[in-house]
Structures are given as structure tokens and as C-alpha cells.
Amino acid sequence: MSQSLHFSPNLTFAKQPFPKLPLPFPTSNSRYPVNNYKSLSIKASTSPSSSSDPQVLVADNGTGNSGVLYNNNNKSVTVSDPSSIEVDAVTETELKENGFRSTRRTKLVCTIGPATCGFEELEALAVGGMNVARINMCHGTREWHKSVIERVRRLNEEKGFAVAIMMDTEGSEIHMGDLGGASSAKAEDGEIWTFSVRAYDSPRPERTINVNYDGFAEDVKVGDELLVDGGMVRFEVIEKIGPDVKCRCTDPGLLLPRANLTFWRDGSLVRERNAMLPTISSKDWLDIDFGIAEGVDFIAISFVKSAEVINHLKSYIAARSRDSDIAVIAKIESIDSLKNLEEIIRASDGAMVARGDLGAQIPLEQVPSAQQNIVQVCRQLNKPVIVASQLLESMIEYPTPTRAEVADVSEAVRQRADALMLSGESAMGQYPEKALAVLRSVSVRIEKWWREEKHHEAMELPAIGSTYSDSISEEICNSAAKMANNLGVDALFVYTKDGHMASLLSRCRPDCPIFAFTTTTSVRRRLNLQWGLIPFRLSFADDMESNLNKTFSLLKARGMIKSGDLVIAVSDMLQSIQVMNVP
């Protein structure tokens, strides 16, 4: 049996707070036997045609014949029979083997490169827990990236995965060239290297690096410190000869193609020239057109300086693809991004804490606090956030991470970030599968510790609903998540067409996993980036009783749930909360 509360957005309380609804549930953590109750559905309306008394419909749970439920126009809802359900193969296996409480909540993003671009390598990553495959437009050709996208799509279709695709733009910042085709170059201490804007037709001289910015030689000064890839390698400018800049290596390291360059003078970052460059370059616009044509799920924009850039890009995507569900991710990796953080997050569909480049623009000791602040703002504004850059950097060359790296990953999980991202570790590292396994095992262990220790953080989640209907959805999800923790339920079910209510539940970070049922494949893949969500594709109707009965039947047949499991269900079609045991 089930107990439910239904709300209608037609209710109006002129400048009154939301009415406090008494909930007939205990607040202890013991499981609550709801079998003795019948389903209660309430609808109230202030429209002239309705009576002054609310309509109450009562029906037994599990019969599939709960009478007529009404939508906002007081018309009966047409019920359709879902014939199948799509779920990620790895999640299905985890649920069968380990149960609800052992499913991983933190999502994993893998950058695809030469080490992982083959179909078998991609499948190994998907089996290992990859939720999102990232393609970095700084490297490779569009034809190469197209082949990767095709393999990921084939993987989803043939093997039963739901891996989303994120395209990361290059951005307009100053960076190195492609190293003449070499995959990397080693800069040793004391070596003299030349950074030049020349275009070499013949093989370039030894220890010479191209720079993409024509004014580079004019802007740098002798004595400036040049940082490669956020400080992974450092040089001191010792001489300027026309378009060439001679530099001495002061901190040795590995040089990678198209690595970002920043230069410092008298202990401060030289920002003026970068500030004049556009956030989205002409190449980026061509890459964005490519991403739209290929139907990627996310586009990550580098070096975002303001919300205006995000809004412009969203309008551009909408004009080029009116039915597109592409989400825009803002990469927070500059001082300007931090200054305008809240407006950027509000405008975007999510954010990435790009710690490598961010650490080249602010003092290193400020990066941890900046990360925590970005994660917190994203959580408050209900936007997924990815912690990226150098999570397991040593595993590019070694099979085991450093203990400091494990602690760093643990902290990101403890901060309740939505996702963790591998960069070079999976793109060009020698142990991509092992690196992913480390992220997965650390995430599961820290999440389990958090639940065992009852760390229900007291983060204030501000109201974000822009309409009255959105505010009701928000209150429902907040209440459902709190009830789930208090009652110790096994899972939260959410039926959502656009994914909004699923994201609201994810924002609350409940103890139990969230089963998100949606009718659209693209929405399902997008939800795969958000904390705690297990996205399913399922055809459903507006009749919650029918949806639940058929969902129970389909999931029980696959061994993913069993009779007696306690579930709370919400829906963005009929704004409601239902609590029930699986029949």
C-alpha cells in the first residue's frame, strides 16, 4: 500500500508562506510499515469551476485501477503501457550484486585520447564506471573526434550503456603549438628553449616551440617567469630576438602539445593581454558547430569570463538546433571566472573546477578554498559541478597513485561534488583503467563512510524556483529527500520529462540512490552527470499508480528491486509524494 500527497500549482496563497503539511510518518530512522494505509490523492483548485472542497480519491495500491486522476485542466489522463525499460548495464549489475546502499553516487568523467580511443578501450572504461566521455578539442582533428563519438554511440547501442559525451573547447588563451607532431617533449633544468610565433615550413629547430599569439614577443619582458600548463614546467625569459623569446628552464618537466601558457612579472600574473582575447575563438565556433552536428550532450567552454558568454552560446545553440538538449558547462579557471562566479553559474547548466589553469592564475594555496566555494555555489544553485585536473596525475606513468592524490580525491567526494574527471590519466596515461578504478573505489568508500557516520551536512539550500510551480516542485523534493533519510528508504523514484525534479532531488544529496525515469534518451544521458542519479529511459503516463506498478514489474523482473523494498516516488507531472513498499 502507499500513502501520498498531491499538490496543485493552481493553489494560490497571496504572499503567504507554503502551508506546512502534517506528515503521518515517524522521524526515527526505523523502517516504517506503510502496508496498513491506502493511497490518498488530494487536488485543490481556486478555479471558478471547482467546488470549495478538495476532491479526495482513495484506491488500493497495486491494483492499477485507482480511478480517475485529474490534470490541471480537470481532464482525465490517458495512460500508456511502457513495454520496456533502459538502464545502464554496470548499474544494473551493481544493484544486483551489492544492493541499493553500495551504488556509487559520484559520477566519473574520462578524457578520451590515444590511450583509450579504441572500441575495446572505451568499453573497458564504461565497464569500469565511466559516465561521461570527454573529447578535448585542443588535441586531434574533428575527424578523429567524430570517430570517437561514433564508437561511444555504438557502445551505448550494442552494449547497453548510457555514456554521455562532453566536448571541451580550446578557448582563446595563449598556448603552445603541437610540438611538430611529437606526443611530448622533456625540458631539463637549465636548458635553453625558444618560444616563437614563426611558422616553420621545414622541420623546426631543436628545442623550439610555437606560440599561437602573434604579440607574444612584444608583451613578455626579460626576467618574466613563463609557466607551462599551470606550472608543470617553468621557464625564465632571458632574451628577446625579434619574434623569438629565449627562455631558460628553471623547473623541469614534460611539455605536452597545446599546453596553456601564462607569464608572471614581479610575482603577479600578467593578465592584460589575456583579458583582451575573446572567450570563444573562431576555431571554437567551428568546433561548436561540429558538436551541435554530432549531437554531443555537453559543451564545456574554456576561460569563461562572464555570464554574457554563456547566454550568447545558448542562444547560438538554440538557433542552430531548435530541438537540441545540449547543456553548457562553464569552466572556472581564471580570476575573472572567480570574480563573476555566481552569475556565471546561474547562466550555465553546470561548471567544471579546472584546477590546473586556475592554479596558474591564483596562488596555489588558494586553490583548495576556491574549489570548495565553487562546489558549494553550484550545489546551492542546483548546477552539477565537476572537479578536474591532476586528480591522479602520477598514474600517467605509474600504476599506483600517491597517498596525497587519494586524499585529494577523497576531499572532492566529501565536498559532494557531482563528478570527478580524469584528464591525461585516461587520455594518454599508461594505466587508464587502473586510474578509473581508483576513482571508483575511493568514491564508494568515502560515500559509505559519510552515510555510516551520519554526516547530514547543514548546508543551507536557498530557494531557486522562478515560478510558483517550480517552488512547489522544490519543496516536494526537499521534503522527499528528508523523508527518505528519516525513514531509511531503499530508493527515491522520480518520473520526469525534462530532468528538473531529478536534479532537485540530487541537490539534496539523500542517503539512498535516486532512480530517475525519463522518456527521452538525451535527458537520460544528461542526468548521468549528476550526483546520485540512476537514469532510466521509460515510456510513462500521468497516472502515477500505473507508472509505479509497471515500473515495479519491470525492475523486479530484472532483479533490481524486490518485494518489501521501501520507496518514495515523486513526479513532475502530478506534483506529489508517495511512500510505499514494493508489492
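Even glycines carry a Cβ here, placed using N, Cα and C.
Annotated K(+)-binding residues in Swiss-Prot are D168, T169, and among N131, N136 the one listed with them is N136.
Going through S321, S324, S389, S394 against Swiss-Prot, the one listed in the substrate site together with R134, G356, D357 turns out to be S389. A Cα-Cα distance of 13 Å separates N136 (K(+) binding site) from K331 (site 'Transition state stabilizer'). If you check the binding-site residues M137, C138, G356, S389 against T169 (K(+) binding site), the ones with a Cα inside 10 Å of its Cα are M137, C138. Taking D357 (substrate binding site) as the reference point, the binding-site residues whose C-alpha atoms are within 10 Å of its C-alpha, out of M137, H139, E333, are E333. Using a 10 angstroms CA-CA radius around E333 (Mg(2+) binding site), the binding-site residues that qualify from R134, M137, C138, H139, D168, G356 are G356. Among the binding-site residues listed (M137, C138, H139), M137 has its Cα nearest to the Cα of D168 (K(+) binding site). The binding-site residues under consideration are M137, C138. Their Cβ neighbour counts within 10 Å are lowest for C138.
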